[in-house]
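Here Swiss-Prot flags 1-16 as topological domain 'Mitochondrial matrix', drawing on similarity to another entry. As annotated by Swiss-Prot, transmembrane segment applies to 17-36, with the evidence given as sequence analysis. Annotated topological domain 'Cytoplasmic' per Swiss-Prot: 37-325, in sequence order, evidence recorded as similarity to another entry. Marked as Mo-molybdopterin binding site by Swiss-Prot: K59, S60, R84, R230, R264, C265, Y305. Marked as region 'MOSC N-terminal region' by Swiss-Prot on the basis of similarity to another entry: 85-175. Here Swiss-Prot flags 179-323 as domain 'MOSC', drawing on sequence analysis.
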Amino acid sequence: MDLKEAFATIFDQNRKVALYAAGTTVAVLGLGLVFKYMRREEKLTRVGVVTKLLVHPLKSGKAVSVEAAECLRMGLKYGELRDRHWLVITEDGHMVTGRQQPRLVLVSLTCEGGHVSLNGPQMEELKFPLNNSSDLVVDCRVFSVDVQGRDCGDKVSEWLTRFLEADKPVRLVHYEPDLKPQRPHEKEPLFPKDDEVAYPDAAPVMLMTEASVGDLNSRLDKDLSVFQFRPSIVVSDCEAFTEDTWDHIRIGEVELKRVIGCGRCLFTTVDPETGVFSRKEPLETLKTYRMTDPKQKTSPILGQYYTVRKTGVLHVGEPVYKITY
């Protein structure tokens, strides 16, 4: 091969490389443009501000009000406390809630330094280890759904049975990560198939607004607090019942997706300060104007259930943004 042919060969090879590179660049740019125009542009609208974060470690127990909490796929977490990760059950594993034992709302469960503390009016404080692998794992039933929990021992059982003045012994179980959870999708197909919760009625997060409770109070003889309705997140600086329209929201780095309205039951008639049933209000009044979700049949709606799309830390005082496209 002479010099002329060698240069011709090199030129031809370089031209092919250049054409290939140019083609690749055009393809990448083209895909970028397609992605840009196919991607929905996100719009954030401020709709309120977080005024309360409430963790309910014990299902039907007293709320723990915190200034900040982790928002995980299974709900709120504050230190060693996780939302609705403790459950009172009968000896055969069926759940016991404030619907059957209204005095449960007076029981405080806290946790520090690897030990759990139970407190209640006119009761001595009871402490026990958070993790005790020697305790049995038991099968439980929450609204006819099979779940599991680790039994917290006989002393805890005796304390709760005595405080509740129960006819038969009750026991306390604790949900641990390797145990069988609830899958909300099995009860309500609108929930994501991969959602898991411990012992909540339905969802990892329930949000409501102070204005909605204020609207209800304007129709009652006695003002009620948000604590009567057991939300995870309370929002203010908005109009009543606007949470019904917040399909997709962002709070800080957390993203939540609305699934279904929170249908209210007889439990709302338990006074969280006294543990006494009224059996009428506020449920009867709610039924007169909040039968707004056919999916909840005969239950009036107050608050909304959310699934956690993106985890993070929530803070009281953070703005709430509605996401639209």
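From the backbone N, Cα and C atoms, a Cβ is placed for every residue, glycine too.
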* Structure fact -> Around the Cβ of K59 (Mo-molybdopterin binding site), other Cβ atoms found within 10 Å total 25
* Integer average pLDDT (0 to 100) for the region 'MOSC N-terminal region' (85-175) -> 96
* Tell me whether R84 (Mo-molybdopterin binding site) sits in a helix, a strand or coil according to DSSP. => coil
* Asked: Looking only at R84, R230, R264, the binding-site residues on record, which one has the least crowded Cβ, with the fewest other Cβ atoms within 10 Å?
  -> R264
* Count the Cβ atoms, other than its own, that fall within 10 Å of the Cβ of C265 (Mo-molybdopterin binding site), considering every protein chain shown. => 13
* Give me the non-local Cβ neighbours of Y305 (Mo-molybdopterin binding site): same chain, 6+ apart in sequence, Cβ-Cβ under 8 Å, ordered along the sequence. => A202, A203, V205, M206, R258, V259, I260, G261, C262
* What are the helix, strand and coil residue counts for the domain 'MOSC' (179-323) according to DSSP? -> 34 helix, 46 strand, 65 coil
* Structure fact -> In chain order, residues whose C-beta lies under 8 angstroms from the C-beta of S60 (Mo-molybdopterin binding site), counting only those at least six residues away in the same chain, are V88, V96, T97, G98, R99, Q101, L104, V105, F267
